[in-house]
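**Q** Pasting a structure below so you can have a look.
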Amino acid sequence: MTTSATAAVEASAPAEPFLDLSGLRKTYPGVVALADFGMTVRPGEVIGLVGENGAGKSTLMKILGGVIEPDQGSIVIDGEAHPSLTVAQSMAAGIAFVHQELNLFDNLSVAANVYIGREPRKYGFLQLVDNDRLEKLVQPLLDQLGATFSPATPVSRLSLAEQQIVEIAKALSLDSRLVILDEPTSSLPIAETEKLLDVIAGLKAHDISVIFISHRLHEVVQASDRVLVLRDGNLVGELGDDDINHDAMVRLMVGRDLKVDYVPPARTSGEVVLSIKAVRTSTYPNREISLDLRAGEILGLAGLVGAGRTELARVLFGIDRPAGGRLELNGEEAHFATASDAVAAGVFLVPEDRKGAGLLLDFAIAQNISLPNLSAYARRRWVSREAEIAQAERSRTHLDIRAPDVRQRTSALSGGNQQKVVLAKWLAMEPKAIILDEPTRGIDIGAKSEIYRLMRGLADSGVAVLMISSDMEEVIGVSDRVAVMHEGHIQGTLDRDQCSEENILQLAVGRSIQERGRGC
Amino acid sequence: MLKKDLGLLTLIIVVGAVVAIINPRFLSPINIANTANLVGLFGIFAIGQGFVIITGGIDLSVGSIIALLGVVFVDLIANHGVPWPFAVLVVLALGMVMGTVHGLLITKLKLQPFVVTLCGLLIYRGIARFYTKDATAGFPFGVSFPDLEWITTGRTDIVAVLTGDTMHSIPIPHAFFIMLVIAVIMWIVLHRSVFGRYLYAVGKNEEAARYSGIRTSRVIVAAYVISATLAALSAVFFAMYTRSILPSGHGNFYELYAIAAAVLGGFSLRGGEGSIVGVVLGAILLQVLQNLVNLLGIPSSLNFAVMGSVILIGVIADQQFLLYRERNARKRGRQRAAGPAAAAAE
């Protein structure tokens with residue numbers, strides 16, 4: 001109530017904020033996603049929003065989009081206070097989203113997409129689409145955004161940045177007053193990014209506000225009037241126009257004192273097991289990745305979302321074909337045309353999408369464990385259930401999988417135990433190298449440390465472990481060495497004594513490290 | 001879209017030319033008229049199937065609808081003395097009801113289109129056989145419907161009509177005309193109307209279409225209604241074409257002809273792709289292939305094998321062409337993006 005009263009008083013002020021958030025709080029069991037967050041957005045203002053993965057940015061966006069309700073706090077739009085928004089209210093208020101994943105119909109033209117569901121019609125009852133009028137409506141929007149394609153172009157012919165412009169045109173056609181760009185540049189090449197930054201400047205000139213969420217800090221510097229930094233659900237800093245610079249943002253994003261929780265034993269690295277030589281992925285066909293995975297070592301692979309880490313993992317495991325380069329396994333050239341080849345060679349992947357790609361949730365625990373190596377459990381092509389269950393029982397003890405029965409469906413397990421089943425399936429075979437993509441995402445603390453212990457155990461037994469992780473603390477705590485990816489290539493590799501959060505972030509945003517901030 | 005259609009047209013012309021060279025009877029007026037008649041008969045319900053396929057669905061019940069409603073139609077006019085225009089309306093209304101039921105089961109009960117229409121296929125076939133006690137439905141001796149017969153199975157030599165019988169050309173079967181009229185109407189509906197645009201949107205991404213404010217359920221139900229109603233219309237034409245209906249065999253596999261025509265015509269079974277010109281050309285190619293089997297003395301037992309092979313080759317060629325185009329589009333997109341930036345850098 002007090003908030004709405006203040007807002008009403010302020011309503012007479014000249015630069016009345018379009019949006020005023022205060023005291024927003026959202027918790028999920030065990031996690032504070034957003035704590036006492038507040039911000040204002042004035043017309044024509046471009047606000048950069050930065051923070052590490054999991055800092056609370058997406059929670060905030062979901063609240064603004066009306067997808068989730070905050071536990072506390074108020075949302076004041078044009079002086080009117082709401083405890084929470086519905087999707088319809090958010091749209092009616094003129095808040096438009098342009099997501100990283102686009103929702104365009106690529107079988108329709110640009111103009112048809114912009115006005116989908118709201119087509120101008122002609123010939124009354126026949127309800128025909130008035131294409132001429134439609135294109136006349138869309139052309140000025142495209143002009144305003146500096147687009148070079150015509151409204152009649154099929155969306156399938158557009159590049160990603162151009163498709164984003166179509167989404168923005170759609171937002172403009174809805175008379176949006178606030179356009180929220182969620183990681184719009186993460187999948188764009190540099191040249192296209194420039195185009196998008198021009199578009200943002202154009203929106204600003206039309207008094208439309210923009211919230212620009214990006215991991216690419218130099219773009220945030222270029223685009224924003226003001227930058228808000230989120231960390232662990234808290235607003236930890238706000239930078240005005242003159243203070244926006246790269247280092248200040250990184251400092252705020254990292255913020256906390258470095259903890260030295262884990263401290264794994266110092267390793268002497270062994271032989272090179274898997275050697276990645278100038279491999280290129282189809283996402284970044286012009287960037288080469290070279291990296292050696294050594295026996296007995298946990299190599300952390302850090303980087304921002306979209307840096308190409310998962311794509312690399314898919315190539316290493318034979319899911320995708322590399323666009324170039326080659327792999328060597330124990331010094332011999334290896335070709336993984338399919339994942340089956342990689343498995344046969346002893347290179348395993350624990351994928352990011354545990355429920356979709358890591359497991360068959362409807363299968364029993366024992367069946368999941370035996371699946372990649374079923375012939376080992378078979379006598380004359382008949383799968384021996386006893387052998388399956390015996391192995392599953394061994395795995396259950398070894399990995400401490402908490403389940404009453406290994407014949408139980410995997411879907412009934414907690415996230416941590418499911419991940420242990422994924423690990424169990426590979427540990428039951430003989431891994432030479434194992435790649436773990438975000439192995440502890442969505443897993444509770446207790447299970448996390450068990451998984452770290454298992455990883456360390458694997459390394460100690462001479463396996464090369466590659467851990468992809470966006471969790472800084474995890475990367476620093478677990479890894480013997482950290483490679484940092486940026487836009488499809490290895491920006492730098494850090495030894496234990498160099499791997500501070502600050503150094504990793506510097507590399508992750510595409511800079512080189514200066515000799516400071518010795519960590520770990 | 002247009003390029004695809006041109007490719008198919010070229011294929012039809014090439015196949016036709018080859019057949020004509022080997023067996024000149026292919027171009028004889030009577031053969032052309034007969035083939036056109038079959039194109040008309042099969043084209044009508046293939047267009048309906050196209051609407052369903054654009055939504056990403058499938059209608060397997062078409063053949064059984066043709067059998068059941070054909071039996072009902074013949075029974076109404078031959079045995080119950082129902083005036084034929086009224087009987088046609090009854091049959092069309094029944095088709096609409098069937099389509100509505102399919103659509104509602106799919107959108108409201110969230111059943112899969114394949115399952116719903118497969119059950120339709122079985123149920124309608126069973127009812128058709130029960131209805132006639134498995135006997136052949138036909139017209140008693142001496143019963144005739146001159147107007148109805150003229151409309152459905154008649155042929156008109158347009159040139160002769162226009163020139164007052166001084167010049168002659170090929171008499172065109174009316175079924176073909178009607179199919180063309182339906183094709184034109186449906187072309188406008190699919191390619192020019194708001195509903196048509198929603199069909200494409202729903203077929204490409206139903207979720208996104210719903211979030212764009214499109215009533216996706218309505219659009220989907222309408223597609224099944226169109227398919228079943230056009231199948232009902234076909235039922236009348238087929239009944240008059242064969243004049244006697246064996247309910248156990250009449251219309252068997254016709255849904256597959258329709259699906260084949262659509263696939264040949266560039267429809268994607270995933271939805272969101274296809275055009276009326278495409279499905280009509282597909283229906284033409286299928287009949288030309290049938291004709292080819294007859295005229296070239298290929299054993300008629302190989303009929304389906306020929307059809308299947310041509311469809312397979314067509315689909316593979318189409319897929320490769322698509323991949324090639326996508327690669328080019330990506331390259332162009334990169335160049336477009338790099339162009340201005342490179343210019344700015346200089």
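Here the Cβ of each residue, glycine as well, is placed from N, Cα and C on the backbone.
What TrEMBL records for B:30-53, B:84-106, B:113-131, B:172-190, B:219-241, B:253-269, B:276-298, B:304-324 is transmembrane segment.
Please go over these features one by one and say how buried each is and what sits next to it.
**A** Residues 59, 62, 66, 113, 153, 155, 170-180, 182-183, 186, 190, 199, 223-224, 226-231, 233-234, 237-238, 241, 254-255, 257-259, 261-262, 265, 267-269, 271, 274, 276, 278-280, 282-284, 286-288, 290-291, 295 of the same chain lie 6+ residues outside the transmembrane segment (B:30-53) yet bring a C-beta within less than 8 angstroms of a C-beta in it.
Here the transmembrane segment (B:84-106) has Cβ contacts under 8 Å with residues 57, 59, 61, 65, 69, 72-73, 76-77, 112-113, 116-117, 120, 124, 145, 147-148, 220-233, 235-236 of the same chain, all six or more residues outside its ends.
If you look at the transmembrane segment (B:219-241), the same-chain residues 6 or more away from its ends with a CB under 8 A from one of its CBs are 37, 40-41, 44-45, 47-49, 51-52, 54-55, 57, 59, 61-62, 65-71, 73-74, 88, 91-92, 94-96, 98-100, 102-104, 106-107, 148-149, 152-153, 175, 178, 182, 186, 195, 198-199, 202, 209, 250-251.
Beyond the transmembrane segment (B:304-324), the same-chain residues lying 6 or more positions past its ends with a Cβ under 8 Å from any Cβ of the stretch are 4, 7-8, 11, 260, 263-264, 266, 285-286, 289-290, 292-293, 298.
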**Q** Other than its close neighbours in sequence, what residues sit by the transmembrane segment (B:276-298), given a CB gap under 8 Å and a spacing of at least six beyond its ends?
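**A** For the transmembrane segment (B:276-298), the nonlocal Cβ contacts are 1, 4-5, 8-9, 11-12, 15-16, 19, 22-23, 25-26, 31, 35, 38-39, 42-43, 46-47, 49-50, 179, 183, 186-187, 190-191, 257, 260-267, 306-307, 310.
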**Q** Please report, as numbers and ranges, the same-chain residues at least 6 past the borders of the transmembrane segment (B:172-190) whose CB is under 8 Å from any CB of it.
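**A** Cβ under 8 Å, 6 or more out: 33-34, 36-37, 39-41, 43-44, 47, 50-51, 54, 150-158, 196, 199, 226, 230, 233, 237, 241, 275-277, 280.
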